[in-house]
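S.K.: Here's a structure for you.
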Amino acid sequence: MKRIMLFLATNLAVVLVLSVVLNIVYATTGMQPGSLSGLLVMAAVFGFGGALISLMMSKGMALRSVGGMVIESPRNETEHWLLETVGRQAQQAGIGMPTVAIYDSADINAFATGAKRDDSLVAVSTGLLHNMTRDEAEAVLAHEVSHIANGDMVTMTLMQGVVNTFVIFLSRFIANIVASNDDEEGQGTNMMVYFGVSMVLELVFGFLASFITMWYSRHREFHADAGAARLVGKEKMIAALERLKMSQESKLDGTMMAFGINGKQSLTELLMSHPPLDKRIAALRNQ
């Protein structure tokens, strides 16, 4: 219940901040909210603003959502190995030392997040540490470090911002046309039509846009696998992916799943954030 309230409060705060920003833009430019340019600006503020704020808050939100414990001073050999391995890989990849955390989950997974290459987070599940060999775990860590080095978090955020902007703009633009052509029974009826149509269209366009974002997410995974292979060798990366084939489906949600080592299954590959493991293994073998 506490997490739900925190989630709702955070989203409300984001909406309020973006509303203030939007009003400042309208006031300083003299732009009319009801104009086409005003609609586009509103779509961009909420489309990009929400994505960028989520990225800036991603480290703290990710740690809270999984109950992650940051390793500051290693208490045992495993934690010491984690810090040493991530530090070495980060140096090889040319990025700053990420914050390293462990979270309690039987799920064999890890994820990376953060707004900057030199201020990021790598989190590893206890399930991964208990069920993978050191070589396999090293490859998974290299995969996450590669995500950071490739700037995938920022690129994915920018893509999501563009997609959000077009979804909001097209939905409101079409809804305005439909509401204007509706029987003129009063302003209230038209506003109800406007909001009803825009909500439905946002759902439809959002679903269609997910094909684009999921395609890019799968594309990123191949690059992160290749980056990991360069850091630790492709045989270790292949062994890690083979191990994942024996594990359960990922329990991570949202952005954390997108930047995890393993994703969720879907009715169609087009809606998967990660390519099938067999395709990832084949791509590594063909390098």
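Glycine is treated like the rest: Cβ placed from N, Cα and C.
So Swiss-Prot says this about it:
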type: TRANSMEM; residues: 4-24; note: transmembrane segment
type: TRANSMEM; residues: 36-56; note: transmembrane segment
type: BINDING; residues: His143, His147, Glu221; note: Zn(2+) binding site
type: ACT_SITE; residues: Glu144; note: active site
type: TRANSMEM; residues: 158-178; note: transmembrane segment
type: TRANSMEM; residues: 192-212; note: transmembrane segment
S.K.: Sort out the residues at least 6 away from either end of the transmembrane segment (192-212), same chain, that have Cβ-Cβ distances under 8 Å to it, and list them.
M.R.: 159, 163, 166-168, 170-172, 174-176, 178-179, 182, 270-271
S.K.: Over all shown protein chains, what is the count of other CB atoms within 10 A of the CB belonging to Glu144 (active site)?
M.R.: 27
S.K.: What is the interatomic distance between the Cα atoms of Glu221 (Zn(2+) binding site) and the residue listed as 'active site', given in whole Å?
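M.R.: Taking the Cα atoms only, Glu221 (Zn(2+) binding site) lies 10 Å from the residue listed as 'active site'.
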